[in-house]
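What follows is one structure encoded as structure tokens, with my remarks underneath.
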Amino acid sequence: MRNDIADPEGPPRKGRLREEGMAALTLGALGVVFGDIGTSPIYAFREALGQAAEDGIVAGEILGVLSLALWALILVVTCKYVLFLMRADNNGEGGVLALMTLAQRSTRRRRTLVMALGAIGAALFYGDGVITPALSVLSAVEGLKTIPGLEHSVSRGEILLITSAILIGLFLMQARGTRIVGRLFGPVCLVWFVTIGGIGLIHIADQPAILAALLPHNGVLFMANHGVAGMFVMGAVFLTVTGAEALTADMGHFGAKPIRTGWLAIVFPALALNYLGQGAFALHRLEVASARGVEFVNQDWFFLMAPGLARIPLVILATCATVIASQAVITGAYSLTRQAIQLGLLPRLKIRQTSEHAAGQIYLPTITMLLFVGVMVLVLGFGSSSAMAAAYGVSVSGTMVVTTCLAFLVVRRSWGWGWPLTVAVIVPLLLLDLFFFGANILRIYEGGWVPLIVAGGVGLLIVTWVRGRKLLLAIDQSQAIELEELARMLRARPPERVPGMAIFLSSGMEAAPSALLHNLKHNKILHERNLALTINTVNQPAVPAAQRLDMTNIDENFTRAVLNYGFMESPDIPRDLAFALRHGDNKLEPMQTSYFIGRSTLRPSKHSGMPFWQDLLFIFLYRNASDPTDFFRIPPNRVVELGSQTTI
């Protein structure tokens, strides 16, 4: 949503392609959507080949590993995401929470299960969000060790120092926003994809036999011959598709067609050429090692493909690309957090708009700090991208399993698919996801526990917040009085009246707001006009201006109002009320309007619906939630807070 009152909806989503142009949107998608998966060649093939080469390697195994990588891209990204999941959008928005709300709309009996799946997917995303910046930037900076003359002069400590400096700069930049520098993301990534594709093509020309890796039977033979060891290789192969979930998560920003075009026309060809080039280069080195009678050594194939001093600009370009990929993940974490807050999965956090014109340009200080601490702990704790790579796939593969489960509910309930078609499409995709998830679970002891710990922590917060809010709402409802009943009582015994308009924020649509009851109890006054206002989040990304406000007149003293928001929107009560009430007798006069907010002081109870420790955790979250005045953008000098004490 834009910040001007004249057009709170922003440009229509369907007209965006015509307004901005396919080329511009596709270029923008290169920097935001494909940054993560586009930088995987730096480390993915190296890690997969390293797993395969632990007991020696032959040419057929190089072809097998490469075949697995290429067909992972084809099956997971192209078939599952591009051809299937990108059709499952919620009014143009994608991602695990958008899919969750779409599934909730299509089923009534399984809403709790659907919310649980969405919460698990969101929690796993945060595990991914901590690892991506650490792994990608560190892997790019490690390319310095491949530059002639620096192989032995650059120490591990210096690599970590440079990586830390880049990441510190990246996180410091978040408070200022990325609107200006963000314009460079697309062009830089276009140069990146052209460069890595071109380098790969050169080595393919030297070793055309590597094209045999395009035949899937090489991958099948590799898995058949390697048993459990092959599963460890598959866990590393999965690194080639990490970041695929961004294709659906960013549909709301660019549209499905530009993302599909970017993948099929630019990104996939560039990635395939680069992986084939790395395989060709490794095959050449294997032949040289065999001819000399020396042992084959797994190396940084990505950087070593470039000749000599050409690695200097390649390292610089790789660092820029990984910073862009990291920025996309950070922005994704902001967007997901806002959705989770709006859907009631997380407490309110301070959200700051960093652009007057782009609703997606937001900054969350709490999320920034938590991500920064997590990223720096990983960089300094693991010390190398190879050590960290094992931690990467678990959360992403888990998210993919959740996504497919939600997609099952959508195609059955929302799209109306029959069982034969549903089974024919969903079962193979789910088996593929479970196969990759199982391969990554094997690597838990190598670092895969890290994202699970992060996801488990976030999941605990979500469960505690949702359960605590339900308990608090039940307590409020048990003590509540209906607004209509209160209005009748006040007509019989009217209190003293004061001029102006009072807006009472309420969590329920039928009950009288607690702030109104406390105002009558302690101040014994009633304003000329009184509005009981409820904020309602609907299961769609955005709400048109015509559907923003629902109003019901109770009597001449009271009006019940509901402000409707989509899960991708940030509430702005004064702006949206002013726009909706710009005509007629209910016109909002800012300087004659007071906002009354009820705030409870919570006390734990050993007899509530949650364990005592969870009561304490919920109270901590409740106390540290963003002030509703800031979150709803209400002028502080127009707010009256009335408190009460509640035992949960």
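From the backbone N, Cα and C atoms, a Cβ is placed for every residue, glycine too.
The transmembrane segment annotation in Swiss-Prot covers 25-45 (among others). Residues 16-17, 65-66, 69, 77, 132, 135-136, 139-140, 143, 182, 184-190, 192-193, 196, 236-237, 239-244, 246-247, 250, 253-255, 258-259, 261-263, 265-267, 270-271, 274-275, 278-279, 282, 301-303, 318, 321-322, 324-329, 331, 385-386, 389 of the same chain, all 6+ positions outside the transmembrane segment (25-45), place their C-beta atoms under 8 angstroms from a C-beta of that stretch.
For 57-77 (among others), the entry in Swiss-Prot reads transmembrane segment.
Proximity of distant same-chain residues to the transmembrane segment (113-133), defined by a Cβ-Cβ separation under 8 Å and at least 6 residues beyond the stretch ends, is recorded for 36, 96-97, 99-101, 103-104, 107, 167, 170, 242-243, 245, 325-326, 329-330, 332-333, 336, 340, 343, 345, 371, 374-375, 378, 388, 391-392, 394-396, 398-399, 402-403, 405-406, 409, 450-456, 458-459, 462-463, 466. Feature annotation from Swiss-Prot assigns transmembrane segment to 113-133 (among others); the stated evidence is sequence analysis.
Residues or ranges marked as transmembrane segment by Swiss-Prot on the basis of sequence analysis: 153-173 (among others). Outside the transmembrane segment (153-173) by six or more residues, the chain places 133-134, 137-138, 141-142, 144-145, 181, 319, 323, 326-327, 330, 368, 371-372, 375-376, 379-380, 383-384 with a CB less than 8 A from a CB of the stretch.
According to Swiss-Prot, the feature transmembrane segment maps to 184-204 (among others).
The feature transmembrane segment is assigned by Swiss-Prot to 219-239 (among others), with sequence analysis given as support.
Listed as Cβ neighbours of the transmembrane segment (263-283) (distance under 8 Å, sequence separation of 6 or more from its ends, same chain) are residues 26, 30, 34, 37-38, 40-41, 44-46, 49, 59, 62-63, 65-66, 69-70, 73, 77-78, 82, 190, 193-194, 196-204, 206-207, 209-211, 213, 240, 247, 301-302, 304-305. Per Swiss-Prot, the feature transmembrane segment maps to 263-283 (among others).
Annotation comment: Swiss-Prot describes 312-332 (among others) as transmembrane segment. Using a Cβ-Cβ cut-off under 8 Å and counting only residues 6 or more beyond its ends in the same chain, the transmembrane segment (312-332) has close neighbours at 31-33, 35-36, 38-39, 42, 125, 128-129, 132-133, 136-137, 139-141, 143-144, 146-147, 166-167, 170-171, 174, 178, 182, 185, 188-189, 191-192, 195, 199, 243, 246, 249-250, 302-303, 306, 360, 368, 371.
The transmembrane segment feature in Swiss-Prot is assigned to 362-382 (among others).
Listed by sequence, the residues of this chain that lie at least six past the ends of the transmembrane segment (391-411) yet keep a Cβ under 8 A from its Cβ atoms are 76, 80, 84-85, 88, 96, 99-100, 102-103, 106-107, 110, 114, 117-118, 120-121, 124-125, 127-128, 131-132, 135, 235-236, 238-239, 241-245, 248, 378, 382, 417, 421-422, 425-426, 429-430, 433-434, 436-437, 439-441, 443-444, 446-452, 454-455. Residues annotated as transmembrane segment in Swiss-Prot: 391-411 (among others).
If you look up Swiss-Prot, you'll see 417-437 (among others) marked as transmembrane segment, on the strength of sequence analysis.
The transmembrane segment annotation in Swiss-Prot covers 446-466 (among others). Under 8 Å from some Cβ of the transmembrane segment (446-466) lie the Cβ atoms of residues 115, 119-120, 122-124, 126-128, 130-131, 340, 344-347, 374, 378, 382, 387-395, 398, 440, 610, 614, 617-618, 621, all in the same chain and six or more residues away from its ends.
Residues 27-32, 34-35, 38-39, 41, 210-211, 266-267, 269-271, 273-278, 280-281, 284, 302, 305-306, 314, 317-318, 320-321, 324, 327 of the same chain lie 6+ residues outside the transmembrane segment (184-204) yet bring a C-beta within less than 8 angstroms of a C-beta in it. Taking Cβ pairs closer than 8 Å, the transmembrane segment (57-77) reaches residues 37, 44-45, 48-49, 210, 212-219, 221-223, 233-234, 237-238, 240-241, 244, 247, 263, 268, 271-272, 275-276, 278-279, 282-283, 286-287, 296, 400, 432, 436 in its own chain, all 6 or more past its ends.
Only residues 6 or more beyond the boundaries of the transmembrane segment (417-437), in the same chain, are considered here, and those with a CB under 8 A from a CB of the stretch are 72, 75-76, 80, 84, 234-235, 238, 393-394, 397-398, 400-401, 404-405, 407-408, 411.
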